[in-house]
Amino acid sequence: MTATIPLTTVDGGVIDRVLATLLDDLWGGLLDVLAGATGVEILASPFMQRAYLAAVCVALVGPLVGSFLVHREMAMIGDTLAHAAFAGVAAGLFVNAVFAVAVPPLATALVVAALAALVVQTLVDYAGAYRDTSLAIVLTGSFAVGSVLITAADGGIAVGINAYLFGSLATVSRANAGILLAMTTLVGLAVGAAYRPLVYVTFDEVGARAAGIDVTRYNRLLAVLTAVVVVGAMQIMGVILVAAMLVIPVAAASPVTGFRRSIAASVAAGLLATVAGVTLSYWYDVAAGGTIVITAIAVYATVSLGSRVRADLTARRNVDATATETLADGGGHGDRAE
Amino acid sequence: MTAAVDVREATFSYGDRPVIEDVSLTVETGEFLGLVGPNGSGKTTLLELVIGLRRPDSGTVSLFGEPAADLAAGERVGYVPQDVGEAAGGMPVTVEEVVRMGRYPHRLFRRFRGEDRRAVAAALERVGIADIADRRIGRLSGGQRQRAFIARALAAEADLLALDEPTVGVDAESREAFYDLLHELNDEGMTIVLIEHDIGVVTTHASEIACLNRALFFHGDPEAFVETDALAAAYGNAQHVVAHDH
């Protein structure tokens, strides 16, 4: 398992010290204070502190990248890359088991998912409208490779793979929390830097090309960022459910007007879902990924219902106002042109 | 002075299906070219060649004196797609966010400056949609949406507007107002290339007409166009210019 691979193999104390500062002093300290103030004891356990850190990271990057995917009708690319990441995990575990080396499965997952992202993007570029077909081929193909690799190593790694399939708070070791934190920073910076071209390409791909923006480059960037998010979020969400964090919070934020604001709202919805989901998962000792997804869907349903009711009320009020105005002036008209 | 658009003996095919054959055409700066032709005549493809979205198989297409497909100054071209409703989709962008995109070719990564914000505000004002700047683009009427796309091109300080049947699905009144706006922009010096299926509209507003059906059947002023039989030749049967008396 990844937990046994010390980060110190990468290099010296620097990473360890940074991790100690971020994880223990800053994040741990913050949650300790919170635990002291609220009396909620689980906030003080290092295990749950790491789980909450993972929850926050996933809620930040999932909707951030998902906002671009959903509005390009590419929501399912997340699912495809998650399955590619599964093949990567299987490859990592296979190499570890067969050759007795210590390759972190998350690293192989990242490499395989990023490659799959580029393959998918190339297929989409060449096949044009056949996006679904390209995605389905890569999705099932990589899952097939993963399943073959698992069984090829005599079932010994099948135990480890379950945690990746369904997600588990236990996989969030110190090292993995550090990796997730680094991935979150990377994705945040990349989206921040490329925000404008990504928005333009998402909104109007032809217009962006006419405006001289290198559309292919930003499509690839988005695909690779999706791969990074999927691999990062896979630890607690599980391969099968990870795509939900790219889609559901974005859907929940869809009543919000303004793209920037809708991204912020989707991150908020994501935070609500992951933090509540991790807590419930701990209390009732059930799968974290599933709990988070169910919570996210509940948030989405509540928001959708709320905005529908509000729209109805507004419409009724406008009708009333128009009627009153008409009675008062003996004419006039309500300006409700859309 | 170089022409805004200079197409020379351009040919383009999709696979082995020729769409544009040996077309030569120039659009001078400040001209308003109406591009007409039957469905499937290659109008959109020619427009895509002109704004550099495609490369000709043979021949050349120059935009502001440079090969169109290699033009680095993307902000000089404002493109208004056929169905902007489709382009907007469900994305919750506001009108102002769309118009700000016009400045992106100028500032793809760096912070907006005063001049960028002024250009956006002026563009919103110019096309008369400043009051709906905070509305979602997907919830506007077709006419308002088209104005937002024009504003995006104005914010970019584009020198050429390329429009592909911009008023499909727009009600008659908004259409008139939209073409009046195009006319005004043209008077102010904007070069315009417009694809339009309504020949009456084109002959009323454009200063030049090009009639296309794979090859170029006519290129000249609207008065001469209605006199010739280019239309019948291009459409392959009797087709009358619908008189418009508004």
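Residue positions begin at 1 at the first shown residue.
Backbone N, Cα and C define each Cβ position, glycine as well.
No curator has checked TrEMBL annotations; they are predicted automatically.
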A:200-217, A:290-307 - the one TrEMBL records as transmembrane segment: A:290-307
Intrachain neighbours beyond the transmembrane segment (A:51-70), with Cβ under 8 angstroms and 6 or more residues off its ends: 23, 27, 31, 43, 77-78, 169, 172, 176-177, 180-181, 183-184, 187-188, 191, 198-199, 202, 222, 225-226, 228-229, 232-233, 235-237, 245-247, 249-251, 253, 259, 262-263, 266-267, 269-271, 273-275, 277-278, 282, 288, 292
Close approaches to the transmembrane segment (A:135-165) from elsewhere in its chain (Cβ under 8 angstroms; 6 or more beyond its ends): 1, 76-77, 79-80, 83-84, 86-87, 89-91, 93-94, 96-98, 105, 112, 116, 119-120, 123, 171, 234-235, 238-240
